[in-house]
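Under the heading domain 'RING-type', TrEMBL lists A:19-61. If you look up TrEMBL, you'll see A:359-474, A:492-572 marked as region 'Disordered'. Marked as compositional bias 'Polar residues' by TrEMBL: A:371-402, A:431-442, A:462-471, A:557-572. Summarising the annotation, TrEMBL assigns repeat 'NHL' to A:585-629, A:633-676, A:680-723, A:730-770, A:774-817, A:824-861.
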């Protein structure tokens, strides 16, 4: 029958699309030099002999050398991939045959249909023959009926035998199904176990919450005691003082009274008084009289009454308390998500994993309990409503705020939360030991307030500007986007028993020996431009961290992150299917100067309004505009130094109004055009002062219209308003935190973080929009997550960061906190190959536009 | 259960759904990696008509490592010793993950058709085979009758 032949044929095709090692459809089929194809993971990777770096082909046993990047660098078998896409729909039916026994028994028909050359009953024949004469099988002309199973005309005996076979098959399948049942029971048990684990975890967390808060309550009580004692001391002192005055006055009175008495008695005596005595008495009387007058007219006054009051208001403290602690909830990524190791950070191998150090000095005092550096906000509902889902919570700056609060509460340091102030009118009163010395630094801090609102410092300094707790909470959200003290996150799947901690939740007990305060704090206190407000202990550790920062690249990572604005942190599957990219869906351009021809294309940008692609055609000194299908739209610009003229333009960006901002590199300036390509404004000149540029390269805009320019030869980033007014700049030459060496491209994420590709330092540095260093990721190398001379960079609307790793000729995608997600690309000139990666941009549908400089073309993935 | 790899499940299903001619392989009820195998003696060989019992075990690293197979029925063959161990290259160094249970069992069946006394497991049998092939074949036939006939399946 025709259909069975066709199904046979397609089944053969399906068999050909099966990997011989795992017996399933090819996943990422790689072609070995001997022309045999196998899946990349787990099949090929399991076959590599690491010692000899060789692989033996399972089909032909030929030995092949495995390149350094592993079997992933074998070429993809594009033919197979094409067939897979073709027959994926048809193949699904047959693939379901191979699924576990838990599936339905539907494939009964498929199981039985075409096979068993041994049994004569099922030899497929022409449809024409069946209708003609006789039983399909034995060609008897006997009683013919249509078999209800396979729809053939068969005679009675054959049908009987056939049905017997069907019966036997059914019996067999029943036993198969039964065999699968224990596995389902296992499943149930596993879920039960997870429930218990969850309960234990929650119990532990609750215990930790109680402990942490109890400790703070104890601290508050201690503070209360201290303050009251102070008041008592003050009272005692003042009373003593007053008493002294009283006693003095009493003595005075007594002496005066006695003098009066004695004088009177002398005077009243009839005996004559010698003159001298009388004069002397008069003199004394004068003096005493003056004294009395002093008391009368107020020259001698009782000591001024000192008034003591307590300022117990601290909006800072209240907001700290209300924001204290947070829950971070993550889930293990499911096993069956994808075979690709790269998109499952939990499965990263030891070699390539990076440990993110998240330090909470808090946690050390919590006794280094495992998995317990969680702090919980009592206002979970608030969190829930704010985030929109009850599961996404943040580990926030609050891990340092209670610290800060504690520092404030301790009597040794300035008790600003409750200050004891002495009001008095007398000028010569000694200052309180606490109040004044802070005044100047308070002001100092306050002026930096606005600049550093994104960072932790806002919490420590200036409680005065946080007048409402709402404001504080807003700040907190900003804060949480910023630098934080660090805790350790382990990404190993086989971490010691799952009950010890959720993956993704900091485990700090392992960190006790490490000077984790150092590296974490270097991230926490960005730039560390003035250490004077750090407590001495932290100041010291910050100093030491500077020295080992360059050597210790593994701990440069960030740390925990607010998830509220950053889906890329927690989503399992990004909206843009980065891990399926690798083949360009569109390529256009060739070397030349005509339309759709480029000479060293550099920056690319996508207009958010019209989804058009703008290419900085650098050595043609012009900008070409294409729509998102690659059709040429227009071009503008010519060589020169005048308005609207370029000299080797490099970076290009488009702001929210459609204005085109261009870094006119050799003219050392930035030009702004309107959406039609008409010149509007230009600013900048060669130099290294504020507002001067030296080979500006990448440009980017944030959603408020500020322009960020990578001032490459000045090794810094400058920020301008959209009219060209200089706002600020940050960075200097060097390889430390916050320093650059040849920053090339720059991008601003939707949550206003500035990502700079610090090219010669082989890393991406991330700053707040005010220029405060947040974190950096990337080191020099070829492994995943490492890069060489990163160039173009773009951030999608989920927060994923796409980086053009020009030295490795590949594109890497990271999550917003710097964790590697996936990558694709290699050197060459074919599809999906690059020579000289430059700029990157993202289309509205999530496709990645890449300028492939030495190939003089644009590729879109 | 450690979670049986899908390949093993697929192979098992296929073995049950489409058995190889002349070979029966069923997994053990308690242990899905353990198979009870019955191989029929190939025609044109002295083992013709015999039903030989084997056991097959899939180790942890399967398919990266070879399955372990052993004859449970006594058999007179130069490449199979008296304990039932089999000298077959694909079970040792020539194993490849592209091979499957069915191919292994077919190879064993082919080994029965074509004994190789130059690479023996049991020297006595090999000697016998090389010096007097006819009588060795006759002995093999006798042993088949004795041990491998379906109603008197003995094990070691």
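Using the three backbone atoms N, Cα and C, a Cβ is placed for every residue, glycine included.
Under 8 Å from some Cβ of the repeat 'NHL' (A:585-629) lie the Cβ atoms of residues 635-640, 645-654, 656, 658, 660, 662-663, 665, 673, 675, 677, 697-699, 745, 792, 831, 838-845, 847, 849-861, all in the same chain and six or more residues away from its ends. The helix, strand and coil residue counts that DSSP assigns across the repeat 'NHL' (A:824-861) are 0 helix, 20 strand, 18 coil.
Residues of the repeat 'NHL' (A:633-676) grouped by DSSP class, helix first, strand second and coil last, total 3 helix, 21 strand, 20 coil. Sorting each residue of the repeat 'NHL' (A:730-770) by its DSSP state yields 3 helix, 21 strand, 17 coil. Per-class residue totals from DSSP over the repeat 'NHL' (A:585-629), listed helix then strand then coil: 3 helix, 23 strand, 19 coil.
Counted with DSSP, the repeat 'NHL' (A:680-723) comes out as 3 helix, 22 strand, 19 coil.
Computed over the repeat 'NHL' (A:585-629), the whole-number mean pLDDT of the model equals 92. Here the domain 'RING-type' (A:19-61) has, by DSSP, the following mix of helix, strand and coil residues: 8 helix, 12 strand, 23 coil.
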